[in-house]
Amino acid sequence: MDPSFLLAFPLLLALSTPCNACNCKIEHPQTYYCTSDIVILADILGPGNNTITRQGFRVNVIKVLKAPRSTPRIHDIYSPISWKDCGYKLRTTQQSLLLIAGYLRGGTLRFTRCHLVYFWYRLTREQKRGFEGAYRTGCKCAIQPCLLCWHDCPQPDLGECVWKQKDCNYKIWEGNLSLYSMCVPTDTGVCKWTHIQKDYQYQASTPATSLFTRT
């Protein structure tokens with residue numbers, strides 16, 4: 001995989017383009033995982049039933065990567081109808097193997113363009129391991145972007161890792177910290193960057209995977 005490969009078009013729009021009230025910023029992959037109520041790997045099958053303010057999308061959930069234990073079976077996900085409210089737009093009739101992160105309301109998955117919607121095959125091997133559970137071990141740490149690249153990055157607090165990208169370019173994921181690393185607490189409680197290892201031990205965050213996997 002080319003480390004500087006641009007984000008998928010919908011995600012690029014979501015993370016880099018301000019539009020009226022919707023202005024999103026890119027986050028480290030671990031931050032998306034840790035700050036989302038639910039993370040799934042799914043196929044978007046097409047439009048679903050809409051509510052007054054939200055558009056529905058029919059999905060086939062292949063795997064749940066993060067969710068509360070009480071989460072019911074998911075057949076539909078919802079995003080704001082209005083573009084200015086960061087509503088997601090389906091640009092093809094079907095999108096397969098999408099990593100989708102969002103929040104839960106009344107047992108339904110809701111998301112906006114500011115949440116993560118990304119093609120699974122474009123992730124690095126290490127990022128996949130992260131979303132499969134490794135990132136969860138670092139959710140007590142905060143990842144802070146270094147936005148003043150013409151100066152030295154500020155020293156992080158004990159519970160933080162500083163995330164720096166070349167030339168302050170936060171429109172794509174590139175470099176070791178974004179593509180291959182996670183921020184986790186050490187034995188002393190200080191948060192540090194570490195490479196996501198192949199044999200990294202983690203426990204699935206939702207044991208009832210049979211409720212969500214493809215049938």
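Quick reminder: no glycine exception, Cβ is built from N, Cα and C everywhere.
What TrEMBL says about a protein is an automatic prediction, not a curated fact.
The feature Zn(2+) binding site is assigned by TrEMBL to Cys22. For Cys22-Cys86, Cys24-Cys114, Cys34-Cys139, Cys141-Cys191, Cys146-Cys153, Cys161-Cys183, the entry in TrEMBL reads disulfide bond. Marked as domain 'NTR' by TrEMBL: 22-139. Annotated signal peptide per TrEMBL: 1-21, in sequence order.
It is 9 Å from the Cα atom of Cys34 (disulfide bond) to that of Cys141 (disulfide bond). Geometry remark: Cys153 (disulfide bond) versus Cys141 (disulfide bond), CA distance 18 Å. All protein chains shown were included, and the count of other CB atoms within 10 Å of the CB of Cys161 (disulfide bond) stands at 24. For Cys146 (disulfide bond), the nearest neighbour among the listed disulfide-bonded residues (Cys24, Cys86, Cys114), judged by C-alpha distance, is Cys24. Neighbour counts were taken at the CB atom with a 10 A radius for the disulfide-bonded residues Cys86, Cys114, Cys139, Cys183; the maximum falls on Cys183.
Put simply, Cys183 (disulfide bond) is 22 Å from Cys24 (disulfide bond) when counted between their Cα atoms. Neighbours of Cys183 (disulfide bond) among the recorded positions Cys22, Cys86, Cys114, Cys141, defined as a Cα within 10 Å of its Cα, are Cys141. In sequence order, Trp83, Lys84, Asp85, Cys86, Thr112, Arg113, Cys114 make up the list of same-chain residues 6 or more apart from the residue listed as 'Zn(2+) binding site' whose Cβ falls under 8 Å from its Cβ. In this structure, the CA atom of Cys141 (disulfide bond) is 7 Å away from the CA atom of Cys161 (disulfide bond). Here Cys191 (disulfide bond) is positioned 10 angstrom away from Cys139 (disulfide bond), judged by their C-alpha atoms. Residues in the domain 'NTR' (22-139) partition by DSSP class (helix H, G, I; strand E, B; coil) as 25 helix, 46 strand, 47 coil. Taking every protein chain shown into account, Cys141, Cys146 are the disulfide-bonded residues, and of these the Cβ with the most other Cβ atoms within 10 Å belongs to Cys141. Each of the disulfide-bonded residues Cys24, Cys34, Cys153, Cys191 was scored by how many other Cβ atoms lie within 10 Å of its Cβ, and the smallest score goes to Cys153.
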